[in-house]
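A.B. asks: Per TrEMBL, the features are:
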type	residues	note
BINDING	Asn212, Met241, Tyr270, His306, Ser326, Arg327, Gly328, Asp367, Gly368, Leu369, Arg370, Glu406, Tyr433	substrate binding site
BINDING	His410, His474	Zn(2+) binding site
BINDING	Cys554, Cys557, Cys562	[4Fe-4S] cluster binding site
DOMAIN	4-81	domain 'ThiC-associated'
REGION	577-607	region 'Disordered'
Amino acid sequence: MTRPIPGSRKIHVQGSRPDIQVPLREICQAQTPTLFGGEENPPITVYDTSGPYTDPDYKVDLATGLPALRAGWIAERGDTEQLTGLSSAFGRQRAADPKLDAFRFTATRAPHRAKAGANVTQMHYARQGIVTPEMEYIAIRENQRIEALQGSALRTQHPGESFGAALPKLITPEFVRDEVARGRAIIPANINHPEAEPMIIGRNFLTKINANIGNSAVSSGIAEEVEKLVWSIRWGGDTVMDLSTGKHIHETREWIIRNSPVPIGTVPIYQALEKVNGVAEDLTWEIFRDTLIEQAEQGVDYFTIHAGVLLRFVPLTAKRVTGIVSRGGSIMAKWCLAHHKENFLYTHFEDICEIMKAYDVSFSLGDGLRPGCIADANDAAQFGELDTLGELTQIAWKHDVQVMIEGPGHVPMQLIKENMERQLEKCHEAPFYTLGPLTTDIAPGYDHITSAIGAAMIGWFGTAMLCYVTPKEHLGLPNKQDVRDGIIAYKIAAHAADLAKGHPGAQVRDNALSKARFEFRWEDQFNLGLDPEKAKEFHDETMPKDAHKSAHFCSMCGPKFCSMKITQDVRDYAAEHGTGEESALQEGMAEKSAEFRQQGSEVYHKA
Ligand code: IRN
Ligand code: FE2
């Protein structure tokens, strides 16, 4: 569970005070071979979501949980108080059911909430002009120490196209504050999740990805759920949603939160539904409210709330090919129809805001009516709901509660841009958080790919966080390998979007990897990649020896036909013959062609 990532080490950059220690990952590089000039290559620093688990000196103790790095910052603001005994939701549950103690987390933290009348959201502080330690931490984290590469050729980058976003050259704590204040970014950071390493979701920051875990009613065991979390963040999950249902839901979540360095999201209506034995009609506002408080006290950082599924929108889904595909959306639609009443999440929205601001839980306003197939994309039900989410955003902002907006789903490429433009306009630039979208329905077994295509596009247009889809989507519960494949697919989409937007420094890693590739620094090529272990495994399949890790070719083209090798030959030829690279290319190619014809025309060589 705690292997370091190959070829790199965890570093901490200190902020303006000693308790701001921002984790980053430094990938070391070898020297350029003398043949190519022999220069030193600087270490490349990258964003690191993996928490202490990749630190070889860290002793994992799941029963104790992670250190509470934000506890001091929360306490010094002086606006929260501890809940004891029956004043907390869990305290009341334990009093009612002593059996619960058996599952009690050894180090369960006493829950806190805002003092009467206080508002403890990052948005509230931002709007008063306060730069919190969380904001400073985020600024350092987002910059990934690219300042250290000032003047280096690795910093050269194509200009991006970022569709109205105002990307700064370097992120400052004040910029973080201003984006949060105007609602264009959120910092999901419940005061009861002090273990979390602060991060930000907004279109002027690095594109983030979310991984879902715990999808099943057949509980796979609490330690296994924590292991899934640790696995997800190892590959780069920026947030994790715990979608557990079934038994021990509270305890599972407690273990996950206490051991999570990334924000945790949930869909509270799932647990509320468990409490009424799965009968949607039996749900009440009171049951839902108590569930919200219970989860807020545990430290859930954001809640998916399907408050835009209005009674009048439900009939609009009747003629769809796949109706309502959102779990939460279908629960609320059923409730609305059964009672012929307006969605209680909508009618009680201001009450929900009161809870959110007492713990700093962010809204992820659910897309309960998202299209579930290409044929249903961008229809009246979907956009009716989106417009409603825009109205709710303004209500939440009135309370200084942070909001992001969930989006589709299944959308063909030519209809993706309209989604982003409409979201920006109707939801007043609150961050967009989309599920893919899948750009075609015809590839069950490969939906991490169908959806990463859409995710890359919508990320480029301005979506702030991409919810991953695994290869098992529509087919079954993902296993470990599926989770890894899904996350890597989404890291690719997110990074491709950052490059296209021209996010400052985004291209540094591409430049470094390409240089390593050109110079046949194989280990560096693996280590600079998103999945060093897989890259090495693939290379080892045909060229396992250590000596192969400095060979000037790979088994794809063999020693004679490596284009990189040929380019280097062209350059050497040019230098030797005193010709320009262009004419050397012509001459060199003629020579190569003669050589090629002599050897027969086998293009693929088994090396
Ligand atoms: C993200 C964007 N749209 C939906 N999602 C995610 O889908 C949401 O955050 C949650 O993790 C998952 C399931 O949501 P439904 O099916 O209950 O809407
Ligand atoms: Fe789907």
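Placed from the backbone N, Cα and C atoms, the Cβ positions cover glycine too.
Because the structure is a prediction, the values reported are computed rather than measured.
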A.B. asks: How many helix, strand and coil residues does the domain 'ThiC-associated' (4-81) contain under DSSP?
C.D. replies: 13 helix, 20 strand, 45 coil
A.B. asks: Once the DSSP letters are reduced so that anything not helix or strand counts as coil, what is Asn212 (substrate binding site)?
C.D. replies: strand
A.B. asks: Those binding-site residues, Asn212, His410, Cys557, Cys562: which ones have a Cβ sitting under 6 Å from ligand 1?
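C.D. replies: Those binding-site residues that pass the cut-off, since their Cβ is under 6 Å from ligand 1, are Asn212.
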A.B. asks: If we count other C-beta atoms within 10 Å, could you say which of the binding-site residues Tyr270, Tyr433 has the fewest?
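C.D. replies: So among Tyr270, Tyr433, the binding-site residues given, the one with the fewest Cβ atoms within 10 Å is Tyr270.
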A.B. asks: Using C-alpha positions only, work out which of the binding-site residues His410, His474, Cys554, Cys557, Cys562 is nearest to Arg370 (substrate binding site).
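C.D. replies: Checking each of His410, His474, Cys554, Cys557, Cys562 against Arg370 (substrate binding site), the shortest Cα distance is to His410.
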A.B. asks: Given the binding-site residues His410, His474, Cys554, Cys562, find the one whose Cα is closest in space to the Cα of Tyr433 (substrate binding site).
C.D. replies: His410
A.B. asks: Starting from the Cβ centroid of Cys554, Cys557, Cys562, which together make up the recorded [4Fe-4S] cluster site, report each further residue of the same chain whose Cβ lies within 8 Å of that point, ordered by sequence.
C.D. replies: Phe553, Ser555, Met556, Gly558, Pro559, Phe561, Ser563, Met564, Lys565
A.B. asks: For Cys562 ([4Fe-4S] cluster binding site) and Ser326 (substrate binding site), determine the Cα separation and express it in whole Å.
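C.D. replies: Cα-Cα distance, Cys562 ([4Fe-4S] cluster binding site) to Ser326 (substrate binding site): 49 Å.
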A.B. asks: Limited to the domain 'ThiC-associated' (4-81), I'd like the whole-number average of pLDDT.
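C.D. replies: Over the domain 'ThiC-associated' (4-81), the predicted model scores a mean pLDDT of 95.
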A.B. asks: Which secondary structure state does DSSP assign to His410 (Zn(2+) binding site), in the simple three-class scheme?
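C.D. replies: Assignment for His410 (Zn(2+) binding site) reads strand.
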A.B. asks: Sort Tyr270 (substrate binding site) into helix, strand or coil using the DSSP assignment.
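C.D. replies: DSSP call for Tyr270 (substrate binding site): helix.
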A.B. asks: So of all those binding-site residues, Asn212, Tyr270, Gly328, Gly368, which one's Cα sits nearest to Cys557 ([4Fe-4S] cluster binding site)?
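C.D. replies: Ranked by Cα distance from Cys557 ([4Fe-4S] cluster binding site), first place goes to Asn212.
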